[in-house]
Amino acid sequence: MGGADRGVGEGRGRGGGRRWRAVMAAGDGDVNLGTLGSGSESSSDGSSESPSGAGAAAEGGGWSAAALALLTGGGEMLLNVALVALVLLGAYRLWVRWGRRGLGAGAGAGEESPAASLPRMKKRDFSLEQLRQYDGSRTPRILLAVNGKVFDVTKGSKFYGPAGPYGIFAGRDASRGLATFCLDKDALKDEYDDLSDLNAVQMESVREWEMQFKEKYDYVGRLLKPGEEPSEYTDEEDTKDHNKQD
């Protein structure tokens, strides 16, 4: 009987608080208790001790330790599973919001883009009203503005067309939406947006977006402020700008 108790006690000591070792300690106690269960053992005063007595109590203690260890480990496992689920949910939401561009690039790769059948647009300036005509629904050409610059994004119609994930920016000033990572109509203004309420970090983001659009799409002119007159561009200036982009 004393050997069984020492087996359990030593097993728990070896665990040092580690549950899996507690389970093994309980198992060691069971082995000792099984040996005792094979018969009775005489005590010093001649009386016999049955496994249904103290031996059964030791067995119960071993299984109690095992059950406690398993329950504690199960709780931590459930917590870990919950944390992993939250991480996966966050990643999925980011993919839904920003990761569709990869799918858009792959879908319909063999189809001819609307930009392929359109001539390059001559350089000119746009008011907000003029810009809205190029939203991809009234004409195949799609324009948008970033930081006062207008870009022809027709070749990116999978993204900026009416059915694209960023179609809300077509024919509009996309500066605020890009700076705040907002794809809602709240990011669009019907009047000229001077972006004066954006903070330094958001304005830096606007400038970075402007550089990215310059590298990928044709710059076709400026977005005019209210009352501002459009510039007159010569054919030479227009050709020079297109050659820079090529």
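Quick reminder: no glycine exception, Cβ is built from N, Cα and C everywhere.
Owing to the predicted nature of the structure, the values given are computational and were not obtained by experimental measurement.
The annotation compositional bias 'Acidic residues' is assigned in TrEMBL to 229-238. Per TrEMBL, domain 'Cytochrome b5 heme-binding' is recorded for 126-224. Residues or ranges marked as region 'Disordered' by TrEMBL: 1-20, 29-57, 225-246. According to TrEMBL, the transmembrane segment annotation covers 77-95.
In the predicted structure, the domain 'Cytochrome b5 heme-binding' (126-224) carries a mean pLDDT of 95. Residue counts for the domain 'Cytochrome b5 heme-binding' (126-224) under DSSP, split into helix (H, G, I), strand (E, B) and coil, are 40 helix, 18 strand, 41 coil.
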